[in-house]
Structures are given as C-alpha cells and as structure tokens.
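These features come from TrEMBL:
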ACT_SITE  Glu107  active site
BINDING   Asp11, Asp106  Mg(2+) binding site
DOMAIN    7-188  domain 'UmuC'
SITE      Tyr16  site 'Substrate discrimination'
Amino acid sequence: MSPLRKIIHVDMDCFYASVEIRENPKLQGFPVAVGGLSRQRGVLTTCNYEARKFGLHSAMPTAQAIKKCPKLILVPVNMPLYKQVSAQIHQIFKRYTDLIEPLSLDEAYLDVTDCSMLQGSATWIAEDIRRHIWQELQLTASAGVAPLKFLAKIASDMNKPNGQFVIKPEEVEEFVRRLHLSKIPGVGKVTAERLEQMGLTTCADIQRMDQSVLLNIFGKMGQRIWDFSHGVDNRQVQPHRERKSVGVEKTLSENIRNVADGLALLPSLYDELIRRLLRQNSTIDTKQIKKIGVKLKFADFQVTTLEKTGEPCSLTGFSSLLEQIWQRARGREVRLVGISLALPEKQWDEQLDLWQ
C-alpha cells in the first residue's frame, strides 16, 4: 500500500457553461453550451446539465447538438474570463494548503495532510472549500476525498453535480476491489474493451492474475493498472508540475481526402508549434526534442494518432509521420490535422502521451 495522505480532488461543475450562466442569469434553466458555431464546423467545449438531458456532451459537433436540441443556447468561448475565475478559485484553495496541482482551469488536486483547519478533517475542508466557492463566486464544485490521488479523482465524479464522496483509508481495499477498470484514470475505451475481452472487468480480476501477463500486453499502462488495482499510487501532489508537451491543431473549413492537402497544412502548423515552444522555453533547441506526434480526426470524428521517438522535430520529420498516418484514412475524409512534440525529459515517471 502507498503511504496515506489526505488528498482532495476538486472538479468544477460544467465550469465554462456555469460561468456564462452566472454572467447572464437569464440563461438559467435553459440548455446552454459553450463552443464553436456550427457554420464554422465547431464543437461543444462543455454544456450544462439541462443540455445533457438531450444527449449533448463535450466534443460533440455543434451542428449535431443543435439537431438534438433545437432550443440550445450557444455561447462563444471566453477564455480570459474562465482564466480569471479559475485564479479566484485557486485563491480559495490557498487558504487551506500550498500543495495544489492544477490539472486544468476547472480541476485540481489538493494535499491537505498538514492542514490543521477544521480539526484537520479532509472531509470538512472539502465541504468548506465548496461552500466558499459557492458563496464567493456563485459556482458549484464537486469533490473527492481519498488517501490516494487516483481515488480522489474517481471519487469527485461519484456525487456530481455539487456533491462530494469520501473514501476513508479503511475503505480503500474494498473500494478498489470492486472498482471497474474503466474508471481508472488513463484507461480509455479501447483499453477497457481489450481488458474485457480478456475477462478482466474489475480490479479484483487484476489482483488474481499474473503481473507479467499484464505488463507484456500493456507495457507501462499495464504497470499503472496493476498498481492502481492493488491500491498503490505513489504520486504526490505537484504544485509546480511542468508542461510535458506542446501541440497545435487545425479544424478545417472543408474536409480533405488527399495526403498532399494535409502536407500543405504543415508549414503553418509547424511555425505555430515552434512559436508555442519558444514561449514555453525561449532557449530550447529543436535538436533536443526526441519525440514528435501527428493527429488526424476524420469526418466521422474518430481520432488516430502516431508518435515516434527519434524522428527529427522538423518539417521533414512531421511530413514523414503524416504520410505514414494518412494510410490509416483508407479513403476517409479528414476534418482536423494536429502536430505535437514532447519536451525534453527530466524525471518523467511515466510514458508521455502527447495527446493527453
């Protein structure tokens, strides 16, 4: 078992949509989504629970969302506002601990092990944080409380929206044993289906199998599944977690089918990628980059990625990867092209997925 800490995972409820409704109370009670316009081939960034009743969800094409919910109110993304509100939320977090690890604008891990407020109760601290967010910012948050990071993240989703779930140290073993493998952070749909084909659906199933079998099939992800299935998560809350990758992608105004059209997009994408890289680290040399990746999204919204270590971070390198991945299209039209790079490794403890 891992050394026990008091970890809180705070996840704002429908954050972007909730901020927009707070700014314009007339939207209250209506299906609201934040995202791009349908005529610009946009997708939903998020939507409120009224919209979700119609089957809407993040990353859904806006045109499809409007067909499902004709009365949907679409609001454009206002990132400066969301960043401002996120900073206000983090100021509330800092009243309780300096050990804060942001995962995005709307979620973060907090380690409150050494917090003496509210008798040191992580449960009460989580409740107090959520209360202050509501009182001061008129936004609701859900929280998960657990002795391990991955369990706190899972717990924050148990009583959404505007709720919290607590996993006590003495409950970890039984909770993990019953946990469905698809709930483990990082286990996507494809991995979950493959595990199920092997007859593995819960952590209890993993506990009964040979570790080497899992590692041979899934590699480093297999190690993560094995550890989490045994209640092991040695990751600490990292207040200054460094960015591991830089990427840029473009949704096309019209679908393309030919690899030549994809290659024609690369110069502008590459220029923007390098600009973003230099903003991240102004002294870096592209020769230090050891891993690059490309991404395609097809007209049916299926996504495929290809990453390669040792390929040069250059227009030539990305062109080579794009030509390789385009073979997967098999005649399908492409609506999005993306490229990315992994920043030089320092002490990353797990394999980097450029598209996480």
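Glycine residues also receive a Cβ, built from the backbone N, Cα and C atoms like all the rest.
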Write out the long-range same-chain contacts of Glu107 (active site), meaning residues 6 or more apart in sequence whose Cβ is under 8 Å from its Cβ.
His9, Val10, Asp11, Met12, Ser156
Over the domain 'UmuC' (7-188), work out the mean pLDDT and round it to an integer.
95
Tyr16 (site 'Substrate discrimination') to Asp106 (Mg(2+) binding site): how many Å between their Cα atoms?
8
For Asp106 (Mg(2+) binding site), nearby residues of its own chain (Cβ under 8 Å, 6 or more apart in sequence):
Asp11, Met12, Phe15, Tyr16, Tyr82, Ser86
State which of the following recorded positions has the fewest other Cβ atoms within 10 Å around its Cβ: Asp11, Tyr16.
Asp11
